[in-house]
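The next block holds one structure in the form of structure tokens; read it before the comments.
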Amino acid sequence: MVSFHSLLAPITTLFLAILFNVSNAQLNATFYSTTCPNVSSIVQTVIQQALQSDPRIGASLIRLHFHDCFVDGCDGSILLDNNGTLRSEKDAAPNTNSARGFDVVDNIKTAVENSCPGVVSCADILALAAESAVSLAGGPSWNVLLGRRDSRTANQAGANTSIPSPFESLSNITAKFSAVGLNITDLVALSGAHTFGRAQCRFITNRLYNFSGTGNPDPTLNTTYLATLRQNCPQNGNGSTLNNLDFTTPNTFDNNYFSNLQNNEGLLQSDQELFSTSGAATISIVNTFSSSQTTFFQNFVQSMINMGNISPLTGTNGEIRLDCKKVN
Ligand code: HEM
Ligand SMILES: *[C@@H]1O[C@H](CO)[C@@H](O)[C@H](O)[C@H]1NC(C)=O
Ligand SMILES: *[C@@H]1O[C@H](CO)[C@@H](O)[C@H](O)[C@H]1NC(C)=O
Ligand SMILES: *[C@@H]1O[C@H](CO)[C@@H](O)[C@H](O)[C@H]1NC(C)=O
Ligand SMILES: *[C@@H]1O[C@H](CO)[C@@H](O)[C@H](O)[C@H]1NC(C)=O
Ligand SMILES: *[C@@H]1O[C@H](CO)[C@@H](O)[C@H](O)[C@H]1NC(C)=O
Ligand SMILES: *[C@@H]1O[C@H](CO)[C@@H](O)[C@H](O)[C@H]1NC(C)=O
Ligand SMILES: *[C@@H]1O[C@H](CO)[C@@H](O)[C@H](O)[C@H]1NC(C)=O
Ligand SMILES: *[C@@H]1O[C@H](CO)[C@@H](O)[C@H](O)[C@H]1NC(C)=O
Ligand SMILES: *[C@@H]1O[C@H](CO)[C@@H](O)[C@H](O)[C@H]1NC(C)=O
């Protein structure tokens, strides 16, 4: 027997949704299947091209998606340029002289607009670029959920405070992930993106020479690795000199990041903390991902989907930007 309530509940929900303009639209993998069926391969082709002259570009692109999603959700806000009134996220502390790949995003957008004008958001381009970057580097492939729309604003103050810093404690970083609905499994899996790409000396010199004002290096740093890093990053040297985040396989997406942590060869303080913080629940997750690349890949894909789902603009909210650098 169909009860009165079982009939009424969905009607009431629909009514309330219309009344309060509540959009619970979900992203899905087929969002552009009729309007831009080839979008994934267009994105992939441009990245493949860019990798020919810049083996680092995939790493730079996935980082843009991360820094986009952590600030008011995955809404392309990181791509907006500074202007008279808008204070860009590009100029926020975690991004300035650090975030890169914006020119390649523009090339992707141009190629996508040529095939499907006015259809694909810049926020979705970042999500697609992240997946292509990982799979082209030897990592997993997955169906990217789509349907995000682009913001009409940026939040520089939010970028300053919401994106984790490499100098923070594990508990502070965990709190920043938790603030966007990601747990410590997501934290460890997503940190595995540091299996490729580079970091500047200015982010590690404190670990090499004077950690927490002790006058000594970070005691969790492998002494052999310390010597290598000191050669590349001399005291009072150029802080923008680059280091491989994964010194074993710098451009390959694999699980060596986690065995590096077990050997005390994590590059950033925030990397090594996942394994070296006494009693932390992240340690066993590092061990699991180090012992099984398959398990790491499965968790990484799930966590990328979780991160990509952070408060997207959907339906009629936001817009489809025609130029990722500026509001329509
Ligand atoms: C857990 C907290 C995290 C911290 C503290 C952190 C910090 C950093 C720092 C300081 C750099 C070097 C930037 C530079 O030298 O200019 C970097 C690079 C990078 N990060 Fe993270 N990151 C974190 C999480 C993530 C996540 C979740 C992802 C992606 C899923 C990611 C992907 C990358 C990649 C691929 C690079 C290399 C970029 C390039 O070579 O251009 N990171 N990160
Ligand atoms: C994907 O999402 C869009 C927008 O919410 C919707 O129109 C479409 O029907 C969805 N497709 C599937 C297969 O759920
Ligand atoms: C889709 O894009 C790829 C790469 O850009 C291209 O090789 C292919 O011909 C395209 N297919 C269609 C049906 O447009
Ligand atoms: C800067 O961007 C904001 C947000 O898109 C826009 O409202 C404003 O008109 C722009 N200002 C200038 C000087 O272009
Ligand atoms: C963000 O941080 C940068 C660099 O520290 C600073 O110059 C800027 O004023 C900050 N922006 C906001 C809106 O707090
Ligand atoms: C952790 O966050 C607290 C509160 O924001 C701050 O006072 C503290 O300096 C942070 N610690 C580290 C190591 O970043
Ligand atoms: C984190 O969330 C995932 C669901 O996405 C769940 O499977 C996992 O067990 C959670 N991890 C922890 C440590 O709670
Ligand atoms: C290390 O840093 C502390 C605090 O900033 C400072 O007092 C000390 O002189 C430094 N030691 C060395 C050897 O540079
Ligand atoms: C530091 O290195 C960067 C790139 O490697 C270079 O552009 C810059 O001029 C250098 N700065 C100094 C002070 O040598
Ligand atoms: C330091 O690194 C070497 C080479 O990876 C490794 O064999 C050794 O066990 C590491 N030492 C420590 C204390 O982790």
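Note: Cβ is positioned from N, Cα and C throughout, glycine not excepted.
Of the residues THR185, THR195, THR314, TrEMBL places THR195 in the same Ca(2+) 2 site as ASP246, THR249, ASP254. Checking the candidates CYS116, CYS122, CYS201 against TrEMBL, the cysteine paired with CYS324 through a disulfide bond is CYS122. Minimal Cβ crowding within 10 Å, among the binding-site residues SER77, THR195, THR249, is found at THR249. Of the chain residues outside the Ca(2+) 1 site list ASP68, VAL71, GLY73, ASP75, SER77, GLU89, HIS67, CYS69, PHE70, ASP72, CYS74, GLY76, ILE78, ALA123, SER151, ALA154, ASN155, GLY158, ALA159 have their Cβ within 8 Å of the site's Cβ mean position.
Geometry remark: ARG63 (site 'Transition state stabilizer') versus HIS194 (heme b binding site), CA distance 10 Å. GLY73 (Ca(2+) 1 binding site) sits 27 Å from ASP254 (Ca(2+) 2 binding site), taking the C-alpha atoms as the reference points.
Each of the recorded positions CYS36, VAL71, CYS122, CYS233 was scored by how many other Cβ atoms lie within 10 Å of its Cβ, and the smallest score goes to CYS36.
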